[in-house]
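Asker: Summarising the annotation, TrEMBL assigns active site, proton donor to HIS212. What TrEMBL records for GLU357 is active site, proton acceptor. Taken from TrEMBL, the feature beta-D-galactose binding site covers ASN112, ARG113, HIS212, SER213, TYR214, ASP289. Among the features that TrEMBL reports, compositional bias 'Polar residues' is placed at 378-389. Residues annotated as compositional bias 'Low complexity' in TrEMBL: 390-403. According to TrEMBL, the region 'Disordered' annotation covers 378-403.
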Amino acid sequence: MLAALPLVAGIAFAQETKQDVTGMEQQRNIEQGAFGTLPDGSEVALYTLTNAQGARLSVTPYGGIIVALEVPDAEGEFEDVVLGFDRLEGYLSETYRQANPYFGALIGRYGNRIAGGKFSLDGKVHTLPTNDGDNHLHGGDRGFDRRLWKAETVEDERGVGLILTLTSPDGDQGYPGELQARVRYTLSDDNAVIVDYEATSDATTPVNLTQHSYFNLDGVTGERADGDDILDHRLTINADAFTPVDEGLIPTGELRSVAQTPFDFRKPTAIGERIEADNTQLARGKGYDHNFVLDRDGLDENELVTAARLEAEHSGRVMEVLTTEPGLQFYSGNFLDGSLTGKGGTTYGHRFGLALETQHFPDSPNQPDFPSTLLQPGETYQSQTRYVFSTNSTTGESETTSN
Ligand code: BGC
């Protein structure tokens, strides 16, 4: 087993600190390199985890951001399937901050929106920054996506991993209680990225952590990448209902059946098939930007459900999303507009990537009928999501395994 690599602030990391963590599995590897420097002078590392299949996951402790994820296609070709930047500077640029797509980031304390940036607890109103029109989004102006987490590498029977920890002080972005957050990323040898979330607090507070990677399973840097989008990806979502929203994308409180609507993804359907349909909900989201109510019938809250399956037309890559969470925000990258140029010079045009954010429902602190997001002192918030990569037996263009 590999001893934890200490994260030493203030010194430049050796660009290629390679460590063999193996024995039998020669390819398992953890590499630590320099990713960039924050305005306050803090050096930020990039960890690249390689599993026994040669799949690679790169994560920076800044924002807990998944920077790259290389998985094989149906012919064994590895390609990066997540949006992001080659260097830290990309995530710090003014253009990026204005667009604010949260590429690959850990989101906290509250993934998704809280109406009016307000909620009350025991009769006290808590006010949060409103960074999305009148509403609070993804933890505020300086959410967990903009914090430098502490990092420690790990290698065990589950795979190669990185453990990130963060202390969020009492009153951070308006939230009560000091929150200790811990997220473990694991890349298993069967090509799953496993995200384990944990948090404790010394006062009652809402918590809803999630991961905000944008996927394009046909690859984000190859020849086809520029100008491509995810509209031909086929998506299945295990949900009979979704939470319709108002103009500000706040749930109305209704759980609406997906039947006979463009939100019915119970069978594999190309994302582009109905995205331009004449539908008020699609108009409000400018495409898909909605929380789906996962079918968890018969499952305990700590059991995984298969939430979604995404299949890419050209490469045959498949991603399944499993989670302990009750909801899934499907966001079809509607606000990407070509103003950002990412890894390898690829322009991120309209709907070039999509996010599948496992979560509790948006605005739960103001919606008494939604599953509660309140964490009490003495309790531990625990959540797990797995992104499992495989391929259809032949490339998607000629055949798919389902339908
Ligand atoms: C939200 C979108 C938002 C995107 C980037 C998604 O989780 O649902 O409305 O534009 O994050 O901030």
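Positions of Cβ are set from backbone N, Cα and C atoms, glycine also.
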Asker: Tell me which binding-site residues (ARG113, SER213, TYR214, ASP289) have a Cβ under 6 A from ligand 1; sequence order is fine.
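Answerer: Result: ASP289.
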Asker: Would you kindly give the Cα-Cα distance separating the residue listed as 'active site, proton donor' and ASP289 (beta-D-galactose binding site), rounded to the nearest Å?
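Answerer: Approximately 13 Å lies between the Cα of ASP289 (beta-D-galactose binding site) and that of the residue listed as 'active site, proton donor'.
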Asker: Quick one: pull the CA-CA distance for HIS212 (active site, proton donor) versus GLU357 (active site, proton acceptor), whole Å only.
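Answerer: Pair distance, Cα basis, whole Å: 6 Å.
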Asker: Could you put numbers on the helix, strand and coil content of the compositional bias 'Polar residues' (378-389), residue by residue per DSSP?
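Answerer: Split into helix, strand and coil, the compositional bias 'Polar residues' (378-389) gives 0 helix, 9 strand, 3 coil.
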Asker: Just name the winner among ASP289, GLU357 (the recorded positions) by count of other CB atoms within 10 A of its CB.
Answerer: GLU357
Asker: Measure the Cβ-based neighbour count of the residue listed as 'active site, proton donor', defined as the other Cβ atoms within 10 Å of its Cβ.
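Answerer: Result for the residue listed as 'active site, proton donor': 23 other Cβ atoms within 10 Å.
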Asker: If you measure every Cα to Cα pair among ASN112, ARG113, HIS212, SER213, TYR214, ASP289, the residues listed for beta-D-galactose, what is the largest value in Å?
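Answerer: Comparing all Cα pairs, the maximum is 18 Å.
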Asker: Taking DSSP three-state, what's the residue listed as 'active site, proton acceptor' in: helix, strand or coil?
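Answerer: DSSP assigns the residue listed as 'active site, proton acceptor' to strand.
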Asker: Using Cβ-Cβ distances, find the residues under 8 Å from TYR214 (beta-D-galactose binding site) that belong to the same chain and are at least 6 apart in sequence, listing them in sequence order.
Answerer: VAL82, LEU83, PRO101, PHE103, GLY104, GLY333, PHE352, GLY353, LEU354, ALA355
Asker: Tally every other Cβ atom lying within 10 Å of the Cβ atom of ARG113 (beta-D-galactose binding site).
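Answerer: I count 26 other Cβ atoms within 10 Å of it.
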Asker: For SER213 (beta-D-galactose binding site) and GLU357 (active site, proton acceptor), determine the Cα separation and express it in whole Å.
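Answerer: Roughly 8 Å, rounded to the nearest whole number.
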